[in-house]
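Below is one structure, written out as structure tokens; the observations come after it.
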Amino acid sequence: MEEQGTGIRVEAMTAEYAQQARAWAERLGLPLQDDTAAFAVQVGVDGLQIQQLGPQAPGPVRVDFVEGQAAHRRQFGGGNGQMIAKAVGIAQGIRPQVLDATAGLGKDAFVLASLGCQMTLIERQPLIAALLEDGLARARADEEVGPIVGRMRLLTGNAIERMRAWEGEAPQVIYLDPMFPHRDKSALVKKEMRVFRPLVGDDLDAPALLEAALALASHRVVVKRPRKAPIIDGPKPSHSLEGKSSRYDIYPKKALKA
């Protein structure tokens, strides 16, 4: 029996998706065959998903804006009263243009888009960006969710470089949610985290990310952190909004107006 490695392969869930699997493999620069792979990018009826391989692996990770958690939060999440809405400055007559520079699976960006914000997303990890692109494409076909994801524009690449080289109108608000180095096993409970860490790693460049965001944003920068985590090295936030498990550090530059 071959030992499991750290590689990633692409596979079709059924024969009818073989052509799409080949296209994704070519685009991502990944093999279709690797018996020692630790992860599989799977293409099937539910779109694109990443499956960690091995006996203790959690279920697949995919982006779904139409059903499940995203739909529940859209319908019952608390609307403009949500802490994230307050953090980015949503108020009566105010829907800021927001750059989510650490998009991940797009969950927070989708919440803000569902509340009416025009969103630009940056994701640096090509596999995560592929999941996000696939999820956005599927959501566009949905009558109810299509208009929401129509407010979400995805960019790929290094967010620090993207922000430093930004052209055109600056985003009013930049939202950062850096991957925080884990201290205990409880941080690995969520399957997304178990899959993400080996692929993405921690955001050790968070201070540079904050610096670039503060230089670009016209009105404010918001940083999401674990509740007890230290602030990112650099300027101090003016204030924070604290929840049960998360905290939003707010760095204002100029007041948002209706």
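Using N, Cα and C of the backbone, Cβ positions are placed for all residues, glycine too.
Per Swiss-Prot, the feature S-adenosyl-L-methionine binding site maps to GLU123, ARG124, ASP177. Around GLU123 (S-adenosyl-L-methionine binding site), a 10 Å sphere centred on its CB holds 26 further CB atoms from the protein chains shown.
Positions annotated as compositional bias 'Basic and acidic residues' by Swiss-Prot: 239-252. Among residues of the same chain six or more beyond the compositional bias 'Basic and acidic residues' (239-252), those with a C-beta under 8 A of the stretch's C-beta atoms are 83-84, 86-87, 210, 214, 219-227, 229, 231-232.
If you look up Swiss-Prot, you'll see 232-258 marked as region 'Disordered'.
For ARG124 (S-adenosyl-L-methionine binding site), the count of additional Cβ atoms within 10 Å of its Cβ stands at 19 [all protein chains shown]. Annotation note: ARG124 (S-adenosyl-L-methionine binding site) sits in a coil segment as assigned by DSSP.
The Cβ centroid of GLU123, ARG124, ASP177 marks the S-adenosyl-L-methionine site; residues of that chain outside this set whose Cβ lies within 8 Å of it are ASP100, ALA101, THR102, ALA103, GLY104, LEU121, ILE122, GLN125, ILE128, ALA159, given in sequence order. Put simply, the two farthest-apart Cα atoms among GLU123, ARG124, ASP177, the recorded binders of S-adenosyl-L-methionine, are 13 Å from each other.
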